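Engineer: My questions will all concern the structure given below.
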Amino acid sequence: MHHLLFISCMILYLLSVAIPSSALNLVVSILCLLIVALSFNRVGKTVQVISSIFLMVGLAMLWTSGAQWKDYILSFGPMLNLLCLFMVVPLLAYPIRLGNYASSIQEIISKKVKNPKQLYMMTSGLSYFFSSFINLASLPMTYHAIKPSLSNYSVANEYRFMSRAITHGFSMPLLWTPVTPIVGIVIEMNGVSWVSMLPYLVPLSLMGIGLDWLLATRQYNKNVKAGYVTDKETAAAAEFVPQQTNRTSRLFHILIALIIFNVIVSIIEVKSSFSFLFIVTLLVIPVALSWSILLRKGRLFLKGTKEHFQTHVVKMSGQFVIFLSAGFFISAMKFSNTDHVFNTGLLQVKDSIGVESFLVLLPLVPLILAFMGLHPAVAIALMAEALDPNALQISSQLLTLSMLGGAVGAFLMGPFNATIGLMATIVEESPYKISNWNAPFTISYLLLLMSFIFLLQLIA
């Protein structure tokens, strides 16, 4: 029953965006209210506590503002754009699994990778590549593609090695890739276009992965000097002679699909009035299906899609409850004009410390909220609602960069988000240990981000 309720809500929401209707909006809001009510007891305590705070504070704001009964119902619905994207993005991983691209990766490792430094860069780069297209599914996919080869290399702590390489590489594309929900929510709320932000976001993303490789190289050189690295990995790599040398070229399928997907998104965003998140959500299934058909795996994709909506969607109860509750809170803020109060307070803070310091320190906020239990996407949505670039007299582009850059730090270290949680499950360690492993790189990345923002302000 729950999965049918979730799917119905998603379909009706997409219809309400394509064909605006007040009656349809009311139905969607009622479904959102039902989802929160029916799913509340099925989610964890942390989600219940945070969602309860959102709901109670939201109710208080509406009550003191003299809201009518209909206003309470219609306040449910914001953040459905994010949830719809969460529901369909995992389907992009299906063509990659059906195409068995992992075998091509194994061949490249056997032919090209000679030491732990190269293996780390390969793992981090592969995670970056997959994350650009399939988001969270890139974590297990990269791990299982690399893990069989790991025993051939001198690595002191295999789980720490894999966790760092995968999460560091995974996090950097979250700055710009359209399949990342935080990108869509920040772009929509700040009133900038995705295409106009790419010249800022892509260079920072590449500098971030370059920083990761630089730190890994320094650590490898230290290990060599200390005598921790042997020639075992080089000899082991040389033993394998690939039998099918044409497999490696198949990885270009993923690159081509990524380019086509991004180009289509860019064109539709420029030519249509639809929101960025709506465009990406609608394109996911057609692109994944077309790719599967080209692989002659169309029926398997349709079968997998059916199973996905029957099983995976039910596991999203926690996400639905907390995101819909946060959306209710955001609606209440708008209705009661509390967001203007926040902007006035933030304007005073900005004036007292200076716009340069304000933007440089802003990326720390999502990280702090992440340690308080908020999902980075929820934290960013709340920040985007409270931070009006026009009211704060700040460049929309720089504000967007600061918020997205800060969200990446939250994904890297926040112990309660899905990235750290999934990686902890894969390597069978606690989320706090994964967070601690990522601390050195996260600090270095945040310093890079702050320097980048400061430099852009000087240029502007």
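Glycine residues also receive a Cβ, built from the backbone N, Cα and C atoms like all the rest.
Per TrEMBL, the features are:
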TRANSMEM  12-40  transmembrane segment
TRANSMEM  46-65  transmembrane segment
TRANSMEM  72-94  transmembrane segment
TRANSMEM  126-146  transmembrane segment
TRANSMEM  193-215  transmembrane segment
TRANSMEM  251-268  transmembrane segment
TRANSMEM  274-295  transmembrane segment
TRANSMEM  316-337  transmembrane segment
TRANSMEM  357-382  transmembrane segment
TRANSMEM  403-427  transmembrane segment
TRANSMEM  439-459  transmembrane segment
Engineer: May I ask for the residues of the chain that lie six or more residues beyond the transmembrane segment (251-268) and have a Cβ under 8 Å from a Cβ within it?
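Structural biologist: Distant Cβ neighbours of the transmembrane segment (251-268) are 95-96, 99, 101, 104-105, 108, 129-130, 132-133, 178, 194-195, 274, 276, 279-280, 283, 287, 291.
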Engineer: Please tell me whether the transmembrane segment (403-427) and the transmembrane segment (12-40) touch - that is, whether there are at least 3 C-beta pairs under 8 Å between them, with each pair 6 or more apart in sequence.
Structural biologist: no
Engineer: Answer yes if the transmembrane segment (439-459) and the transmembrane segment (126-146) have at least three CB pairs under 8 Å among residue pairs 6 or more apart in sequence, and no otherwise.
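Structural biologist: In this chain the transmembrane segment (439-459) does not contact the transmembrane segment (126-146) - fewer than 3 Cβ pairs sit under 8 Å.
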Engineer: Taking the transmembrane segment (126-146) as the reference, which of 72-94, 193-215, 274-295, 316-337, 357-382 gives the largest number of Cβ pairs under 8 angstroms?
Structural biologist: 72-94
Engineer: What residues in the same chain, six or more past the boundaries of the transmembrane segment (193-215), come closer than 8 Å to it by Cβ-Cβ distance?
Structural biologist: 120-121, 124-125, 128, 168-169, 171-173, 175-176, 178, 183, 187, 265-266, 269-270, 276, 397, 400-401, 404-405, 408, 440-441, 444-445, 448-449, 452, 456
Engineer: Counting only residues 6+ away from its ends, which parts of the chain sit with a Cβ under 8 Å from the transmembrane segment (357-382)?
Structural biologist: 46, 49-50, 79, 82, 181-182, 185-186, 189, 319, 322-323, 326-327, 329-330, 349-350, 394, 398-399, 402-407, 409-411, 413-418, 442, 446, 449-450, 453-454, 457
